[in-house]
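In what follows, a single structure is set out as structure tokens and then discussed.
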Amino acid sequence: MPGGSLLNSGGMADYGGGGGGGGGLTFPVVVTCLMAASGGLIFGYDIGISGGVSEMESFLEKFFPGLLKGTAHASKDVYCIYNSQALTAFTSSLYAFGMIGTLVASRVTRRTGRQAVMLIGGSMFLVGALVNAAAVNIAMLIIGRMLLGLGLGFSGQATPVYLAEMSPPRWRGGFISGFPLFISVGYLIANLINYGTSRIPVWGWRLSLGLAAFPAAVMVAGAAFIPDTPSSLVLRGKHDLARAALQRVRGKGVDVDAEFNDILAAVEHDRRNDEGAFRRILRREYRPYLVMAIAFPVFLNLTGVAVTAFFSPILFRTVGFESDAALMGAVILGLMNIFGIVGSGFAMDRYGRRLLFMIGGALMFTCQVAMASIVGSQLGHGSKMAKGYAVTVLVMTCAFSASFSWSWGALYWAIPGEIYPVEVRSAGQGVAVALNLGLNFVQAQCFLAMLCCFKYGTFLFYASWLVVMTAFAVAFVPETKGVPLESMGHVFARHWYWGRFVKDHKFGDVST
């Protein structure tokens, strides 16, 4: 790797990162954070690939021949063409096992560190991708999806926390947004691959599923060379390595005494509590963090973006696009995701998190209502939508996707990754990621049935929740721009509502 070895003479990683203040944009922190963010490729690629593969005739013919025959005679109600629980189980099963993987990883990470968990997750995803590509029956396909889910759970639990602990506070939002940015890049790559492999008869779907091994290999290779973070090293009693790690990542000659003392104090506070992290987060003084760990994944799924991403090719075919056009529409959707994430990465550290919530919520609400109006008026019983209206739906979907990426898509990873105290950080992140994957499972399993039942009312369902979640973000999510990780407790202690729960340890009182 350029820039010198990342290992010291003893073979151990000699730098990591804390979440505290100070520090410049050194070469080690750039390399480390970008390599860790490559874990987002794993998420994005699978989200994009599963929806496109589910629409390929060669895949349906091999595993779901009954559904393929049924679609030829499904002219009575275009909302219900792809309504098959067996087909949605292909997508949703991954997220059920992802939830299990996250809960396991949240315990393992405190003993082995963030870097080791990312390495395990990438390895399981790599094996799962290869099994899927070689699948000859549904059982083998599901085993591969199980391994992919476990890999998602491990990497998704560790990577955002790793990024938060490695990055300097003034650039933390930009670094953490690298994870959802890579999710969007992975989603775009997956749809481009689907667009190409859909033209390959018989085995094109194998290539789409097998290429998931590439982002997994990037994750494994990156995790094999990056170090662990100072916070994680201190948690495991490796103080000398942690201090050397912090010095290296903040830059030679930078005074890291104050930041290192903050990390030591935070970890010592953790050690004074003999309860486990999961039990501890249920205590009253951690109530805000538990609420955030639950509210963020719930609201993320109620934006409706997950099902739009999973089934965008199927959705576009439902409203009138042909197969190639539907896959190209999904590619355009991926580009909009990237534009939104990049914009958010620049904006959140300049203008704060709350403004992004407000702008994104208003735009997403407008797009959902507009789509409901167009689909409800133009997609009638037994007919497909006229091309002009279908293009308008595509434009609205892309605008919605960009608005989501600008707001909840980036902030879902940024805020939970930075607000938790070190003693409940692994538990908080574990709850958030596990709940998100569990809700992904429910959404993926139910969306096509929901579309068949509610029709255009599906969009209004998600629009109504956008009002609720935007109001929640404005009222209850504190502004965390530029705040060191070890000082997050002070922000919550001074919040108009959370101050009644969180004690400000620095001043020894409870702020109201």
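Backbone N, Cα and C define each Cβ position, glycine as well.
The domain 'Major facilitator superfamily (MFS) profile' feature in TrEMBL is assigned to 32-481.
What TrEMBL lists as transmembrane segment is 86-105 (among others). Outside the transmembrane segment (86-105) by six or more residues, the chain places 46, 50-51, 54, 60, 63-64, 67, 117, 120-121, 124, 141-142, 145-154, 156-158, 310, 430, 433-435, 437-438, 440-449 with a CB less than 8 A from a CB of the stretch.
The transmembrane segment annotation in TrEMBL covers 117-136 (among others). Sequence-distant contacts of the transmembrane segment (117-136) (same chain, at least 6 residues past either end, Cβ-Cβ under 8 Å): 36, 39, 42, 101, 105, 108-109, 143-159, 162, 206-207, 209-213, 215-220, 222-224.
The transmembrane segment feature in TrEMBL is assigned to 142-163 (among others).
Under the heading transmembrane segment, TrEMBL lists 175-193 (among others).
Annotation source TrEMBL lists transmembrane segment at 205-226 (among others). Within the chain carrying the transmembrane segment (205-226), a Cβ under 8 angstroms from the stretch's Cβ atoms is held by residues 1, 6, 13, 31-32, 35-36, 38-39, 41-42, 44-46, 49, 52-53, 56, 58-59, 62, 115-116, 118-119, 121-123, 125-126, 128-130, 132-135, 144, 148, 151, 155, 186, 190, 193-194, 197, all 6 or more beyond its ends.
Here TrEMBL flags 289-314 (among others) as transmembrane segment.
Sequence-distant contacts of the transmembrane segment (326-348) (same chain, six or more residues past either end, CB-CB distance under 8 Å): 48, 51-52, 55, 173-174, 177-178, 180-181, 183-185, 187-192, 194-195, 198, 308-309, 312-314, 316-317, 355-356, 394, 397-399, 401-407, 409-411, 414, 481. For 326-348 (among others), the entry in TrEMBL reads transmembrane segment.
Annotation comment: TrEMBL describes 355-376 (among others) as transmembrane segment.
According to TrEMBL, the transmembrane segment annotation covers 388-415 (among others). Only residues 6 or more beyond the boundaries of the transmembrane segment (388-415), in the same chain, are considered here, and those with a CB under 8 A from a CB of the stretch are 160, 172-173, 176-177, 179-181, 183-184, 292, 296-297, 299-300, 303, 305, 308-309, 312, 315-316, 319-321, 329, 332-333, 336-341, 343-345, 347-348, 353, 356-357, 359-361, 363-364, 367-368, 370-371, 374-375, 378, 436, 469, 477, 480.
Long-range contacts of the transmembrane segment (456-477) within its own chain (CB-CB distance under 8 A, at least 6 residues past either end) are made by residues 291-292, 295, 299, 302-304, 353-354, 357-358, 361-362, 364-365, 368-369, 371-373, 375-376, 379, 408, 415, 447, 450, 497-498. Marked as transmembrane segment by TrEMBL: 456-477 (among others).
Confidence over the domain 'Major facilitator superfamily (MFS) profile' (32-481), given as mean pLDDT on the 0 to 100 scale, stands at 80.
Nonlocal intrachain contacts for the transmembrane segment (142-163), taken as residues 6+ away from its ends with a CB within less than 8 angstroms of a stretch CB, comprise 33, 36-37, 39-40, 42-43, 46, 90, 93-106, 108-109, 114-115, 117-118, 120-133, 135, 175-176, 178-179, 209, 212, 216, 219, 229, 413, 416-417, 425-426, 429-430, 433-434, 437.
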